[in-house]
Amino acid sequence: MAYLELNNVNKTYGKGANATEVLSNINLHIEEGEFVAIVGFSGSGKTTLVNLINGLLQPTSGEVLFKGNPIVDTSHERGVIFQNYSLLPWLTVYQNISVAVKETFPKESKQFRDERVKEYIEMVSLTPAINKRPKELSGGMRQRVSIARALAMDPEMIIMDEPLGALDALTRGNLQDEILNIWNKDKRTALLITNDVDEGIYMADRIIPLRPGPNATLGPEFKINIERPRDKTSLNDDPEFKKTRNGIIEYLMEIGEERSTSTDETEYVLPDLEPKYFD
Amino acid sequence: MSDKLIKIVRFIGLGFLEPIIRLSRGEETKKNLTEILKKIVAPLASTLLFILLWQSGATALYNTEAEYRIEKAFKDQGQKAADEMTACIESGEVNCQPNTLPSPSQVKASFNSLLKDHKTISADKKAFKEKTADLNKKRIAEGKDPIVYTGRPSFVDQIITSIKTVFAGFLLAIFIAVPIGVVIGLSETLRSSINWLIQIFKPVSPVVWLLLVFMIVKTLTKDSDADSSFIISFISVGLCSMWATLVNTVMGVSTVDKDILNVAKVLKLGPFQKVFKVILPSSLPLIFTGLRITLSVAWMVLIAIELLAQSPGLGSFVWEEFQNGANDSNSKIIVAMFVIGIIGFLLDRIMLTIQKFVSFNKNEGA
């Protein structure tokens with residue numbers, strides 16, 4: 001029995017004739033302590049998949065098991081880092097994290113909670129901005145707050161839904177390293193959803209492409225046998241990296257082509273017109 | 001330091017002072033001079049123009065009215081009476097003055113006389129209080145009601161009464177509309193079942209609300225001989241004005257950002273926590289927009305309601321002056337009009353400042 005299991009999961013939105021099957025026949029097994037990345041085109045149902053795992057959505061059919069038990073609701077055991085940060089704009093950095101800590105450790109002393117909040121703010125190096133509101137922070141800083149909030153709840157598994165998608169390349173690289181460092185410390189199980197193949201290879205143990213929806217389903221997995229800690233600069237010359245990267249990209253391109261050929265069935269005949277000149 | 005000053009000035013809505021401050025520090029002289037021209041000189045000029053228009057309009061109306069009087073005297077009683085009337089009007093005697101739109105200077109004079117009147121009355125009141133202080137102590141010790149001043153209220157007293165009424169009504173509106181709005185906003189079933197009621201009651205005129213409240217309060221206060229006009233007027237004000245807040249609260253609560261709701265779910269906040277930590281703060285900007293509309297509506301309907309409910313305040317002041325028909329009544333009504341307008345404007349400014357304080361941009365969390 002795997003740590004997280006998705007068996008023949010289908011998710012349909014709408015009913016009757018309007019039903020669209022977003023995910024179909026998803027099978028995914030994640031072991032404890034593993035770092036798995038799922039890559040896919042935008043609009044392929046990645047967020048739906050994440051919401052099934054964190055408990056915001058229920059599958060139409062099939063089962064989602066966490067440690068052997070079906071997921072019926074959200075849980076503190078699974079921390080979520082949202083794509084758009086989803087901080088509460090009227091609260092400061094400290095308060096945003098404090099809300100989460102208070103919910104997770106309701107019985108602990110005030111001092112314990114205060115220390116925990118500060119510890120996690122320190123971890124994402126935001127102590128100077130502790131009393132700032134989200135609007136005063138840059139995108140990267142906001143995402144750090146979001147990461148600190150998810151981790152401060154001490155989850156057994158971290159689910160990241162395109163956490164770095166909206167950031168510029170430099171901030172992105174820094175945050176990738178930060179997330180990896182944090183993950184390295186206690187090797188929590190991690191699931192990363194991304195649209196960036198390089199990011200997936202750099203961070204994960206396994207990469208699984210998601211074939212685009214509707215009827216999205218998981219493709220064959222790619223194991224990444226590159227020693228950790230990985231070095232971003234030398235990674236580009238690593239034959240293993242090149243092989244995996246090409247494999248995944250080829251696979252995704254193939255699906256992309258399949259998709260474009262399958263949808264472009266009708267040929268549009270343009271009317272035979274010529275400009276007319278008036279003298 | 002001056003930047004702080006500018007921030008404060010902006011915050012309390014006196015942003016037009018900003019170029020003066022900047023100019024006094026010698027910043028960008030040309031730009032700030034045009035700013036002063038735009039923000040201070042232009043409004044002053046338009047005010048002046050308004051007063052000029054008013055003055056000329058009032059003069060024209062005065063002349064029409066005077067001519068009519070002279071003509072009427074001529075038709076009814078002949079040339080001699082007409083001459084007498086002309087002389088009387090020119091001499092400025094009180095009982096033959098044309099009764100029409102007063103000029104700005106007349107209004108100013110009435111304003112001064114109202115202030116003077118207030119001073120006399122408050123001095124009178126003070127003297128009365130001192131005189132009856134010992135007696136009242138005795139009466140209270142004997143278990144009797146103290147003697148209170150029952151003289152005529154001054155104009156300023158009326159203003160204070162009006163403001164009290166409007167705030168009582170406003171508080172009532174908050175206490176009814178916000179909790180109900182939150183409850184309705186949270187449940188879609190409730191929303192669809194109550195929506196039609198709200199839509200029907202929202203456009204009902206203040207007068208009808210007053211009558212409705214009158215029917216109920218009259219029956220409920222049958223046994224007591226306390227003055228129920230204040231109760232009637234503030235409840236009516238509250239009922240008339242609460243709809244904006246109600247609708248906005250429902251709207252704010254029912255349209256909380258889905259991402260924020262997801263956060264609440266992932267953090268596993270309980271229902272109580274969810275409402276007070278997530279839903280209410282996130283709908284505060286909309287609720288305050290509603291409250292701002294409510295306060296201005298409350299102030300607007302207050303005058304009409306006081307007028308009808310015979311409850312003391314600016315509304316009844318206006319009505320009494322109109323009924324009174326003394327030669328300075330018209331200008332007193334205009335004074336009341338300006339006072340109503342200015343107080344309404346100030347109330348709106350206060351609400352705007354508070355609103356700025358609690359507002360945040362919806363996308364700031366993202």
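Here the Cβ of each residue, glycine as well, is placed from N, Cα and C on the backbone.
Quick caveat, the model's predicted, so the values are computed rather than measured.
Residues or ranges marked as transmembrane segment by TrEMBL: B:40-62 (among others). Under 8 Å from some Cβ of the transmembrane segment (B:40-62) lie the Cβ atoms of residues 16, 19-20, 98, 100-104, all in the same chain and six or more residues away from its ends.
Feature annotation from TrEMBL assigns transmembrane segment to B:159-184 (among others). Remote same-chain partners of the transmembrane segment (B:159-184), defined as residues 6 or more beyond its termini with a Cβ less than 8 Å from a stretch Cβ, comprise 153, 190-191, 194, 230, 233-239, 241-243, 245-250, 252-253, 275, 279-280, 287, 290-291, 294-295, 298-299, 302-303, 306, 311-315, 339, 343, 347.
Feature annotation from TrEMBL assigns domain 'ABC transmembrane type-1' to B:159-351.
Residues or ranges marked as transmembrane segment by TrEMBL: B:196-217 (among others). Remote same-chain partners of the transmembrane segment (B:196-217), defined as residues 6 or more beyond its termini with a Cβ less than 8 Å from a stretch Cβ, comprise 228, 231-233, 235-236, 239-240, 243, 246-247, 301, 304-305, 308-309.
Within the chain carrying the transmembrane segment (B:229-251), a Cβ under 8 angstroms from the stretch's Cβ atoms is held by residues 165-166, 168-174, 176-178, 180-182, 184-185, 191, 198, 201-202, 204, 206, 209-210, 212-214, 217, 221, 283, 286-287, 289-291, 293-295, 297-298, 301-302, 305-306, 309-313, all 6 or more beyond its ends. The feature transmembrane segment is assigned by TrEMBL to B:229-251 (among others).
The transmembrane segment feature in TrEMBL is assigned to B:284-309 (among others).
Feature annotation from TrEMBL assigns transmembrane segment to B:329-347 (among others).
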